[in-house]
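Asks: Quick one: this structure, given as structure tokens, is what I'll be asking you about.
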């Protein structure tokens, strides 16, 4: 169902820190124009942790409105409280979203049995397609391949976003799940290798400002043309790394503002503005790639 370049969309804000609908609309149109395959609305990159419940829902609904059924919208509905995740999922059931991205519960560090029961409960509460999301370095818990295999038996748990950084897991998980289970990289720096090992695409931070590049890389890679895909990807390596010099989404919001996609790089505390030295380096690579001119290399 989902493959290729899926953007982990930033949530633009105005100078007062309120949601900027004008910039959000511009972002959505940018991804439609540049052939992004789907949008993640209000995931980690979308600052889900610092949006209140009404804002969370409103951003998703506005994203759907601006997408106008021209691009699938996947809603970030994860929580470290199972009941909260179920509540948000059910609230969005008739909204028109194409699926949900569910992060592993953060901070409370559940056991593998707890993780299994958490995702099982969410799955059984809805018919919406569910994508599991494993990002151990941010959550403090790791969804292991054996647990993923158990969860893959639920018909609406259709895939996994793997941001573990462990490429050896791709084949391990593939050997444990059915052939239709989707494996999506959550790490721009290793995404091409992930696809070459049998993955289906990437949920990308870099795509926020280099949508056509990431789309082309994924299209080539999924067609088996890794030589051409690597030629493009090599040009983005420095950019990938610079976008994670500080905690995501600090650098990507500044970069999106720099190239004119959003009006401000406002970000909510406890996240802070990008350091000047990192702005300088990002500006240099953005100019080199001509992303500020919206050109495709």
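Glycine is treated like the rest: Cβ placed from N, Cα and C.
Pulled from Swiss-Prot, these are the listed features:
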- 133: active site, proton donor/acceptor (ACT_SITE)
- 161: active site, schiff-base intermediate with substrate (ACT_SITE)
- 45, 203: pyruvate binding site (BINDING)
- 44: site 'Part of a proton relay during catalysis' (SITE)
- 107: site 'Part of a proton relay during catalysis' (SITE)
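I would like each feature placed in context: is it buried or exposed, what are its neighbours, and how far apart are things?
Replies: Shown in sequence order, 43, 78, 101, 102, 103, 104, 160, 161, 163, 186 are the residues of the chain, 6+ apart in sequence, with a C-beta less than 8 angstroms from the C-beta of residue 133 (active site, proton donor/acceptor). DSSP assigns residue 133 (active site, proton donor/acceptor) to a strand segment in the three-state reduction.
In the three-state DSSP reading, residue 161 (active site, schiff-base intermediate with substrate) counts as strand.
According to DSSP, residue 45 (pyruvate binding site) is assigned to coil rather than to any helix or strand.
Residue 44 (site 'Part of a proton relay during catalysis') is surrounded by 25 other CB atoms, counting those within 10 A of its CB over all protein chains shown.
In the three-state DSSP classification, residue 107 (site 'Part of a proton relay during catalysis') falls within coil. Under 8 Å, Cβ to Cβ, and six or more positions away along its own chain, residue 107 (site 'Part of a proton relay during catalysis') finds 80, 139, 140.
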Asks: With a 10 Å radius around each C-beta, find which of these recorded positions (45, 161, 203) has the fewest other C-beta atoms nearby.
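Replies: 45, out of the recorded positions 45, 161, 203, has the fewest neighbouring Cβ atoms within 10 Å.
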